[in-house]
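Engineer: First the structure, which I've put down as structure tokens, then a few questions once you've had a look.
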Amino acid sequence: MVYLLAIIALLITFILVPVLIPTLKRMKFGQSIREEGPQSHMKKTGTPTMGGLTFLISIIITSILAIIFIDNSNPIILLLFVTIGFGLIGFIDDYIIVVKKNNQGLTSKQKFLAQIAIAVIFFILSQVFNLTDFSTGIHIPFINFEIPLSIAYVIFIVFWQVGFSNAVNLTDGLDGLATGLSIIGFVMYAIMAYFQGATSIGLFCIIMIFALLGFLPFNLNPAKVFMGDTGSLALGGIFATISIMLNQELSLLFIGFVFVAETLSVMIQVTSFKLTGKRIFKMSPLHHHFELVGWNETKVVTVFWTVGLITGLIGLWIGVS
């Protein structure tokens, strides 16, 4: 069953992308590029965005099949809820930017409130309706200790889901970067879930891996399509949720290390400029800094993937120790 669902996830995405690209072009759903960004990016203007729809559709269809045919599908129901919720926020944001020609998209407040709502509903579904049995404390690796939070854990869920959904969104600025890092991350969590005996979560990770593998060939440099906020916000929300459901929250700091580094680079840049009027990096997020240093896009992506693989293995080691 696992192999069949993996193949279905791969094929749905791989078939949908070539169908969607001309449709997006015809509807002029193209990406706008920041003028102050690297000049090499200007050629990307008009590249179809919202491509994340393809792998989200694949994930939804394949997950529904899994829910129908496997036992103990409650974790998949929860993960599917988060996928659809964060994906919908991203879709609305993309729609406003691309169709309504409003580069701001949803306001930060609107996004934050929507993300809070999803996090709270996730907590209620998991704890009140007992759809899964993860603890409401933060697990500390190696010392077999947990910081109990009880009902306050919902605050952590909000912070974790919102933080990582936006972290993946910030990272999705180079062809194939966020897609490749996400594949690496879900491989690590699939293995971790296997060691924990969390078969449903492991199956969902495998579905994610193969759905993204179907998208990757079209997203590599030169990208024929971008995932947009539709894809990136969903991926970040899923990563946070899986780490929570496996009670391995802190492992995500390593498995998602590049996402964290990209986010910190933006925070450091903004803080430094406000306090001193000086910038630490040539440009943020971090991948743009390396481009302006002289690295070509493919080199940046390859190096970041390599870093993601190394830190991902460290995160896996932490998660299974």
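Cβ from N, Cα, C; glycine included.
Checked Swiss-Prot, it gives:
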- 1-21: transmembrane segment (TRANSMEM)
- 50-70: transmembrane segment (TRANSMEM)
- 76-96: transmembrane segment (TRANSMEM)
- 112-132: transmembrane segment (TRANSMEM)
- 140-160: transmembrane segment (TRANSMEM)
- 173-193: transmembrane segment (TRANSMEM)
- 198-218: transmembrane segment (TRANSMEM)
- 225-245: transmembrane segment (TRANSMEM)
- 250-270: transmembrane segment (TRANSMEM)
- 300-320: transmembrane segment (TRANSMEM)
Engineer: Do any residues, 6 or more residues outside the transmembrane segment (225-245), come within under 8 Å Cβ-to-Cβ of it, and if so which ones?
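Structural biologist: Cβ under 8 Å, 6 or more out: 17, 20-21, 24, 31, 47-53, 55-56, 75, 78-79, 82-83, 85-87, 89-91, 93-94, 105, 115, 118, 122, 126, 132, 134, 157, 160-161, 163-169, 171-172, 178-179, 182, 185, 189, 193, 198, 201, 204-205, 208, 215, 218-219, 251-252, 255-256, 259.
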Engineer: Report, as numbers and ranges, which residues of the same chain sit near the transmembrane segment (1-21): CB under 8 Å and 6 or more residues beyond its ends.
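Structural biologist: 48, 51, 53-55, 57-59, 61-62, 65-66, 69-70, 203, 206-215, 217-218, 224-225.
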Engineer: Taking a Cβ cut-off under 8 Å, which residues six or more beyond the ends of the transmembrane segment (173-193) line up next to it in the same chain?
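Structural biologist: Tertiary neighbours of the transmembrane segment (173-193) are 199, 201-202, 205-206, 208-209, 212-213, 215-216, 219-223, 227, 231-232, 235, 239, 242-243, 246, 248, 251, 255-256, 258-259, 285, 287-288, 291, 297, 300-301, 304-305, 308-309, 312-313, 315-316, 319-320.
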Engineer: Taking 50-70, 76-96, 198-218 as candidates, which has the most Cβ pairs under 8 Å with the transmembrane segment (112-132)?
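Structural biologist: Comparing 50-70, 76-96, 198-218: 76-96 has the most Cβ pairs near the transmembrane segment (112-132).
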Engineer: Near the transmembrane segment (50-70), which same-chain residues lie under 8 Å Cβ to Cβ, leaving out any that are not at least 6 residues past its ends?
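Structural biologist: The answer is 1, 5, 8-10, 12-13, 16-17, 20-21, 24, 29, 76-77, 79-80, 83-84, 87, 90-91, 94-95, 98, 200, 203-204, 207-208, 211-212, 214-215, 218-219, 225-232, 234-235.
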